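Structure record follows, encoded as structure tokens.
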Amino acid sequence: MTNASEMPRKLTILGSTGSIGTNTLDVVRQLGGRDGFEIMALTGAGNIALLAEQAREFGAQLAVTADDDKYEALKSALAGTGIKVAAGMAGLEEAASMDAGWVMAAIAGTPGLAPTLTAARRGADIALANKECLVSAGDVFLRTVKQGGGRLIPVDSEHSAIFQCLTGEYKQAVERIVLTASGGPFRTWSRDEMSNVTADIARAHPNWSMGLKVSIGSASMFNKGLEMIEAKYLFDLRPDQVDVIVHPQSIIHSMVGYTDGSYIAQLGSPDMRTAISYALTYPERGNLSVERLDFAKLARLDFEAPDEARFPALRLARMALERGGLQGAALNAAEETAFHAFVAGGIGFLDMAEIVETVMDRMHDGRTAETMDDVFSADEEARRHALELIATKEKAA
């Protein structure tokens, strides 16, 4: 970090054993380790050995496993260290409640909602990697952040890029934002070719190193659809101001178009640690060891319009934006449920979008989210509908 007077920053990482979490800790190492950050709490799911190793290395005050059944294993792994151990939702809430000025919200899926909201309520600055907070509960979540008084710094490379491109600019001068998408491993595949795709094939991303959920979301472009909804809330945009362009090289991470016809873009190597570092050091920048761009070797940068016929996730995301209400929650919960069924081999790759659209149509009734209870209720309903549709497809197969 560039300003030692603010060191160390107190940091809690919700989801330290996942892809974002492990990269966050690598950034912490590069930015001074314990001299740069005081790790208050680390949370993980089933990888107890890694969680315990992280807690010991960084001297965390609290280590939490989200799995109640893994409590004794974690307690045993950290015996004699003086590190407090907790488990389950109560443990996640305790971690989010600790006196950390910065919280990395990296628990994937709906389970990350409650602890992230807890951190927001107490006024922590949130480095947001959890998409569900905005996709499912956008208005409610933003209201909570505002009331708590903390800042919201995006961690997704695309939203981090937009955030940086907007710095120092007039909001009224923004004409549109353009999120870039690599196109994933199936960018040039036909729907017939995609019909027989397995999870192992879908997880192989051409540019980025990511976890299973995000990798498959990139292949289906549901990940980009969720990012469209996130962008609307993060930057207070109309649905028609959010665009997507396919950029196979993943060098331009996103851009902002202004009313005078100019564009500002953020470029960099496809390494999520850059956006993580920016979120953890904002408004400064850290000294990070990542691959630098060599512009002389960048022979070309390609762009193409996304094909929504082959990748309907983008159309469904725009539909959720235009309909509003609880459609984001319905899309997210249905997609998450369909993803698990696809990974388990119960449905095909193309079935995911079909299931999501059917669930969204069933729940298109004008309801809005006034409280988190409304969001959780919609989430539960969407999952129930999705499971019914999945069961029908499994039976037919």
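Quick reminder: no glycine exception, Cβ is built from N, Cα and C everywhere.
A quick note: this is a predicted structure, and the numbers were derived from the prediction, not measured.
What Swiss-Prot annotates here:
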type	residues	note
BINDING	Thr17, Gly18, Ser19, Ile20, Ala45, Asn47, Asn130, Glu132, Gly211	NADPH binding site
BINDING	Lys131, Ser157, Glu158, Ser182, His205, Ser218, Asn223, Lys224, Glu227	1-deoxy-D-xylulose 5-phosphate binding site
BINDING	Asp156, Glu158, Glu227	Mn(2+) binding site
Comparing local Cβ density (other Cβ atoms within 10 Å) for the binding-site residues Thr17, Ser19, Asn130, Asn223 points to Asn130
If we take the Cα of Asp156 (Mn(2+) binding site) and draw a 10 Å sphere, the binding-site residues of Thr17, Ser19, Ala45, Lys131 inside it are Lys131
Within 10 A of the CB of Glu158 (1-deoxy-D-xylulose 5-phosphate binding site), the number of other CB atoms across every chain shown is 26
Taking the centre of the Cβ atoms of Asp156, Glu158, Glu227 as the Mn(2+) site, the remaining residues of that chain with Cβ inside 8 Å are Pro154, Ser157, His159, Ser160, Leu179, Asn223, Lys224, Glu230, Ala231, Ser254
Check: min Cα-Cα distance from Glu158 (1-deoxy-D-xylulose 5-phosphate binding site) over binding-site residues Thr17, Ser19, Ala45, Asn130, Gly211 goes to Asn130
One of the binding-site residues Lys131, Asn223, Glu227 has its Cα closest to the Cα of Thr17 (NADPH binding site), namely Lys131
Cβ atoms other than its own within 10 Å of the Cβ of Asp156 (Mn(2+) binding site), all chains, total 26
If you measure between the CA atoms of Ser19 (NADPH binding site) and Lys131 (1-deoxy-D-xylulose 5-phosphate binding site) and round to the nearest Å, you get 14
As a whole number of Å, the Cα atom of Asn130 (NADPH binding site) is distant from the Cα atom of Glu227 (1-deoxy-D-xylulose 5-phosphate binding site) by 11
Cβ proximity for Ala45 (NADPH binding site), under 8 A, sequence spacing 6+, ordered by residue number, returns Thr17, Gly18, Thr65, Ala66, Asp67
